[in-house]
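Structure first, commentary second.
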Amino acid sequence: MEPSQRNTKTPSFSDSTIPVDSDGRATVFRPFSLSSPHSRAFHLAWLSLFSCFFSTFSIPPLVPVISSDLNLSASTVSAAGIASFAGSIFSRLAMGPLCDLIGPRTSSAILSFLTAPVILSASLVSSPTSFILVRFFVGFSLANFVANQYWMSSMFSGNVIGLANGVSAGWANVGAGISQLLMPLIYATIAEFFPRTIAWRVSFVFPAIFQVTTAVLVLLYGQDTPNGNRKNSNQNKIINPEEEEVVVKEEEERSSFVEILIGGLGNYRAWILALLYGYSYGVELTTDNVIAGYFYERFGVNLEAAGTIAASFGISNIASRPAGGMISDALGKRFGMRGRLWGLWVVQSVAGLLCVLLGRVNSLWGSIAVMWVFSVFVQAASGLVFGVVPFVSTRSLGVVAGITGSGGTVGAVVTQFLLFSGDGVRKQRSISLMGLMTFVFSLSVTSIYFPQWGGMCCGPSEEEDLSRRLLVEDEEEDNKVTSGRLRPVC
């Protein structure tokens, strides 16, 4: 793989190795290719986020050893877990505007470079306070998710964006599970040569190096858009020799940072999607935290079996979340935005009902079966949410993605605090209540409406519909109809 021409001329869309729309975004998704900048961006995006998930979740599997060495209490470990989610809330909110300002490629690399020393500093913790602080700042790396989704939305057209977003995030999320498997092995290997009080500290060198390596690859081989990098795209102008004036290709690039920020923060659809993501991805994160303990305490399985059951819940991300994106694209192609919204509501509602059932089943194998089906639906719901995000605002896409992404971690923090904190918590009841909350909040999708595409229960406004029909007629007369301009594929 050769480095992309980052600081040279803009590539010609006609020479692209895959079909593209009028903006140069890929209209097909080929995840097993490296021949186009779109495919390279996809692989760099998911691998970079994978390394951040690996780093963030490299600490939990070694907590028994760390707790024994530092005498950490159960409340400290719990507080540190919540701190890791809280850290990602703030960083995700900031990452969106940063992507709008300097592009996803540079934003992703900067975040990885800044947080890699933090995970390395885990080897230096010596007190409960420093342990909580490290987990808090390591959690910042999960903001790479916003850059990941922004990058995919910049590279892939509307007809495949749900699938591209779903696969990119789904594959990256597997990094948490792989970390659970590899970190104990890394620790055990090092412990053969060093005392265990040193071995767990040395183990964190690996995730730090991995994260830096992926950041370097992103800078060397990635580009922000099909046109090139953000700085070069902003300089891409058309000269009219007759009028001697400069016309900027994309007028939204002229918008100031404040206008972009206000545009995203003031868009109510972003906040509704944040709520929906809080009770899809947020529920997934909460389940990751409690499901092993639930099976251990309620059904009396040993720790190894409980861990294996919990791992199977997370690993299904490799297919479930991409499936959600694929469903969103298929429904969008067939029914427009209404199809995307209905698909999101149905899948998330079913996930909520399955979560309610999970807390009510009294047999071990019955609970495992319900958990597996629940994992598919709740993870697919996350993919369906981000199948809608790219259509909320082109100019403020980064802000919208940041708000939505932060909603996921806010949902996890709030749900865990309300339902799973304190002494004497009955987890089966809390799991069922979590499912009920998921079902109720899924109804908020009915309030999302796009004037040009409509909503769940009504079509586009009459003025928008008339203007679109007139535009189509004009374009047909001029023989300039393109798939990108004729009818946006919701």
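Glycine is treated like the rest: Cβ placed from N, Cα and C.
Averaged across the domain 'Major facilitator superfamily (MFS) profile' (41-447), pLDDT for the predicted model comes to 86. Annotation source TrEMBL lists domain 'Major facilitator superfamily (MFS) profile' at 41-447.
TrEMBL lists 44-66 (among others) with the feature transmembrane segment. With a cut-off of 8 Å between Cβ atoms, the residues of this chain six or more beyond the transmembrane segment (44-66) that come close are 72, 77, 80-81, 84, 88, 104-105, 108-109, 111-112, 115-116, 119, 122, 125, 131, 134-135, 138-139, 141-142, 144-145, 147-148, 151-152, 167-169, 171-176, 178-180, 182-184, 187, 196, 200, 203-204, 206-208, 210-211, 213-215, 217-218, 221-222.
Among the features that TrEMBL reports, transmembrane segment is placed at 72-95 (among others).
Under the heading transmembrane segment, TrEMBL lists 107-126 (among others). Away from its own ends, the transmembrane segment (107-126) comes close to residues 45, 48, 51-52, 55-56, 58-59, 66, 70, 91, 95, 98-99, 134, 137-138, 140-141, 143-144, 147-148, 151, 201-205, 207-209, 211-212, 214-216, 218-219 of its chain (Cβ-Cβ under 8 Å, at least six residues beyond either end).
Tertiary proximity for the transmembrane segment (132-151) is limited to same-chain residues at least six positions away from its ends with a CB under 8 Å from its CB atoms, namely 41, 45-46, 48-49, 52-53, 55-56, 59, 76, 79-81, 83-88, 90-92, 94-96, 99, 104-105, 107-108, 111-112, 114-115, 118-119, 121-122, 125, 165, 168-169, 172, 211, 222, 224, 386, 389, 397-398, 401-402, 405, 409. The transmembrane segment feature in TrEMBL is assigned to 132-151 (among others).
The transmembrane segment annotation in TrEMBL covers 163-186 (among others).
Same-chain neighbours of the transmembrane segment (198-221): 1-4, 40, 44, 47-48, 50-52, 54-55, 58, 62, 65-66, 69, 105-106, 108-109, 112-113, 115-117, 119-120, 122-124, 141, 179, 183, 186-187, 190-191, counting only residues six or more beyond its ends whose CB sits under 8 Å from a CB of the stretch. For 198-221 (among others), the entry in TrEMBL reads transmembrane segment.
Under 8 Å from some Cβ of the transmembrane segment (341-359) lie the Cβ atoms of residues 276, 279-280, 283, 324, 327-328, 331, 335, 367, 370-371, 373-374, 377-378, 380-381, 384-385, 387-388, 427-440, 442-443, 445-446, 448, 455-456, all in the same chain and six or more residues away from its ends. Among the features that TrEMBL reports, transmembrane segment is placed at 341-359 (among others).
The transmembrane segment annotation in TrEMBL covers 365-392 (among others). If one looks beyond the transmembrane segment (365-392) by at least 6 residues along the same chain, the residues whose Cβ comes under 8 Å of a Cβ in the stretch are 149, 153, 158, 161-162, 165-166, 169-170, 267, 269-270, 273, 276-277, 280-281, 283-284, 287, 291, 295, 298-299, 309, 312-314, 316-317, 320-329, 332, 337, 340-341, 343-344, 347-348, 350-351, 354-355, 357-358, 400-401, 404, 408, 438, 448, 450, 453, 488, 490.
Counting only same-chain residues 6+ beyond the ends of the transmembrane segment (399-419), those with a CB under 8 A from a CB of the stretch are 82, 85-86, 88-90, 92-97, 99-100, 142-143, 145-146, 149-150, 153, 260-261, 263-265, 267, 269-271, 273-283, 285-286, 289-290, 382, 385-386, 389, 392-393, 425, 430, 433-434, 437. Feature annotation from TrEMBL assigns transmembrane segment to 399-419 (among others).
Remote same-chain partners of the transmembrane segment (431-450), defined as residues 6 or more beyond its termini with a Cβ less than 8 Å from a stretch Cβ, comprise 268-269, 272-273, 275-276, 278-280, 283, 286-287, 290, 294, 337, 341, 344-345, 348-349, 351-360, 378, 388, 391, 415, 419, 456-458, 460, 490. Taken from TrEMBL, the feature transmembrane segment covers 431-450 (among others).
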